[in-house]
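Written below as structure tokens is the structure these notes are about.
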Amino acid sequence: MLRIYNSLTRRKEEFIPIESGKVRMYVCGMTVYDLCHVGHARVMVVFDMVVRYLRASGFEVIYVRNITDIDDKIIHRANERGESIHTLTARYIQALHEDEASLQILPPDREPRATESMEAILAMVRQLLDQGYAYQGENGDIYYDVSHFEGYGALSGRHLEDLRAGERVQVNEAKTDPLDFVLWKAAKSGEPAWESPWGPGRPGWHIECSAMSIQELGTHFDIHGGGQDLQFPHHENEIAQSEAATGGKFVNYWMHNGFVRLNDEKMSKSLGNFFTVREVLEHYHPEVLRYFILSSHYRSPLNYTKQQLDTAKAAMTRLYTALRGIPRGEDRASAQGLSWEFTDGGDPFVLRFREAMDDDFNTPEALALLNEVRHALNRAREAGDTEKGQSLAVLLRSLGGILGLLAHEPEQFLRDSRQVAAIPDTAAAGEEAVLSHDGIEQLVAQRTVARKNKDWAEADRIRGILKDQGITLEDTAAGTLWRRG
């Protein structure tokens, strides 16, 4: 039974879809005025993992993730660089798609853009005006009247009285209440604008997501996700707009991932303390970054440090090393995940993996389970049990595939991951490091030369060095294979 932590109710709840066997899910995507940083990557990886697991569990999923391609920040950046908004956003949308492909993130089923959804946005603004939830200010902007919506603050646990008393709100005489938020901004000189019944202008940020999600998924859908920073005011305002416009419940389950933190602060562009995905991938394989993100529960803060990334690199190296020399066979995972129909329902590894993931997508436990499968695989190989080793390798790749991991051939990963430093054989801090991947390969190559020259003493000496480092060698017709542990 899958249980999801619902930010709206602040507790884990059994997941019951609106329509049996089907899931409709919307996630707030990027505002495309710069490259993706690790905080954006966390949102994409987390909800990609959710989609993969839901599909693996047999659900038919419609996954929508929007692109915000008109916004104050976009306008400012385009003006700063002296280029059109379209040129700026097109470049960063392409970069976004390239980054998500690098991280093995499945593309969403639908990816609406704000600038292509004006009809739906205008229709919702019109509804809110007609129903008395919105008004036009003297400056031509249209605002949402928060005092008109009885449930405002339920998602974030805030009350209007407390917000008015405790929040610093910029004075705007066009508003009836300082907490009212803009739905439609009247056109300003030099800014892009669209025609509307209230004059030319452009949408506010919050109305974009309400209109796009309802346009793609209907007025009531299963899951809405995004970063923790969006819970208030963005998602709070989405609920207010959407439920006022439709008269019914908007979303059943709200999911929010925690911040990525750098030097004890939230990683963000506004603070200037961020690493782009591309900067990280200059030093680490994409699957290492993905493993790093999944190594913390999605609701917990994720501390970005080199040590944590190196630990993830070591873990991925051990997983791939265990798979070296084993033919891929028929994995039970596909690009869409695996179906439990194709697994042995009594397999204890599968049962425990599912138990972890059913507990609000507990990826740290799921990754620990992958490493238990790795240990079992290494033991089978050491015992010469080829059949069991093959079966465990297929299982390891299949379960890893649900997390978006182990998609490469082992030799390709080990080559591409650029293992240039000593890789610790354990995540525990302070333990002695062992030979690097390149160092092991060099010793194996030296031993191969010694064996060709029938210098058995030298070959045995090198085997002994490797054995002391926990490296097991396996001489085959195709060459010498090695693995840790």
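Cβ from N, Cα, C; glycine included.
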Can you check which of 246-250, 261-265, 266-270, 416-420 Swiss-Prot lists as motif ''KMSKS' region'?
-> 266-270
Long-range same-chain neighbours of His234 (Zn(2+) binding site), Cβ under 8 Å, sequence gap at least 6?
-> Cys28, Trp205, His206, Cys209, Gly226
Would you mind ranking the binding-site residues Cys28, Cys209 by how many other Cβ atoms sit within 10 Å of each Cβ and giving me the lowest?
-> Cys28
For the motif ''KMSKS' region' (266-270), the mean pLDDT of the predicted model = 70
Would you list the other residues of this chain near Zn(2+) - those whose C-beta lies within 8 angstroms of the C-beta centroid of Cys28, Cys209, His234, Glu238 - in sequence order?
-> Trp205, His206, Glu208, Ser210, Ser213, His224, Gly226, Leu230, His235, Asn237
In the motif ''HIGH' region' (30-40), how many residues does DSSP assign to helix, to strand and to coil?
-> 3 helix, 2 strand, 6 coil
What does DSSP call Glu238 (Zn(2+) binding site) in the simple three-state scheme?
-> helix
